[in-house]
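Swiss-Prot lists these features:
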BINDING   C32, C116, C219  [4Fe-4S] cluster binding site
BINDING   H61, H94, H148, S247, S248, N249, S292  dimethylallyl diphosphate binding site
BINDING   H61, H94, H148, S247, S248, N249, S292  isopentenyl diphosphate binding site
BINDING   H61, H94, H148, T189, S247, S248, N249, S292  (2E)-4-hydroxy-3-methylbut-2-enyl diphosphate binding site
ACT_SITE  E150  active site, proton donor
Amino acid sequence: MSEQTTFAPSRTDGVEAHKTLRVLLAGPRGFCAGVDRAIRVVEEALRRYGAPVYVRHEIVHNRTVVEGLEAKGAIFVEELDEVPEDGHVVFSAHGVPKAVPAEAQRRNLLYLDATCPLVSKVHREAERHFAGGGPDQRHILMIGHAGHPEVVGTMGQLPPGAVTLINDAEEARTIQPEDPTKLAFITQTTLSVDDTAEIVDILRSRFPLIEGPKREDICYATTNRQEAVKAIAPESDLVIVIGSPNSSNSQRLREVAERSGARRALLVPKLENLDWSVLEGVETLGISAGASAPESLVQEMVTALAGKYTLKIEERIVKEENINFRLPGPLAGEDD
């Protein structure tokens, strides 16, 4: 699906017309349902309980979103010991280890869990394979990136030693599990679809009895955004992915663009971080945004481009999205 528009500032001052720049907008892009839900959790908590509301870790990995919520009264912390005894606290979309809500309960904190439902699905898979540590237990191999909050949260659902992290294909080739016949794998939801498929193929080849998820762990939004970037990359001299450096899915979009034929791909947090010199010689520019980047950042960039170029904009939509996740627990009624 493709829609084309021309966006050109009017010139009546005799100045030479702007150079034409073709802009391919990847679709879908930007916020996913899990991110939208997490932000709504914080906003509704602020409305219901008043400021401050504490949030453990960045609610999503985007500074613009975080700063916007801070302006409304959210306070971001890394650990629960930074939350006062009578505080209200929200857990981020990435999920948390089981010890975190247990500690919140011990301290009688009112907490709201904004973990993305698709991340919670992976948590349930891990617990199913662990099987309570009984005779049906399988050792779990988690495909993901060390230190990412989602990985920390998922591995923290089970006792130490129950899960081994697989960072890349080389680790999949060399791991030596104690019992190769009793294995299962799960994955971080924001990985490269292609990289993960390679790792899964290696694991299945080495360990034919390994069990995997009934449905793909990589979330629909990650998959759709990567497919959209693949659709624009071959025609693009440059692809700009709007997103924060600590956003896993945004980093993967940049990598996908490079691998899919773009001459160059850059991750740019927002307009003020753009080095305009990178556009020299660019005739076709692709633009996408990570799942935690608001559409306002895309429109801000397009507007700035229109001040320097005559734009021919094409929307390349590979998939329509209409998914909505309900708010958790005490806030659930606000969706009705």
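Any Cβ shown, glycine's included, is placed from N, Cα and C.
Buried or exposed, and what's around them? Tell me for each listed feature.
With a 10 A radius on its CB, C32 ([4Fe-4S] cluster binding site) counts 29 other CB atoms from all the protein chains.
DSSP assigns S292 (dimethylallyl diphosphate binding site) to coil, not to a helix or a strand. Within the same chain, the residues at least 6 positions away from S292 (dimethylallyl diphosphate binding site) whose Cβ sits under 8 Å from its Cβ are F31, V35, V60, H61, N62, V65, G243, S244, S247, N249, S250, listed in sequence order.
Secondary structure at E150 (active site, proton donor), as computed by DSSP, is helix. When other Cβ atoms within 10 Å of the Cβ of E150 (active site, proton donor) are tallied across all protein chains shown, the result is 24.
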Show me the subset of H94, H148, E150, T189, S248 whose Cα is within 10 Å of C219 ([4Fe-4S] cluster binding site); these are the recorded positions I mean.
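So the list reads T189.
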How big is the Cα-to-Cα gap, in Å, between E150 (active site, proton donor) and H94 (dimethylallyl diphosphate binding site)?
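Distance between the two Cα atoms comes out at 5 Å.
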With an 8 Å cut-off on Cβ-Cβ distance and a minimum sequence separation of at least 6, pull the same-chain contacts of H94 (dimethylallyl diphosphate binding site), or say none.
H57, T115, C116, V119, H148, P149, E150, G153
Cβ within 8 Å of the dimethylallyl diphosphate site's Cβ centroid: which residues qualify beyond H61, H94, H148, S247, S248, N249, S292?
V60, P149, E150, T190, S244, N246, S250, G290, A291
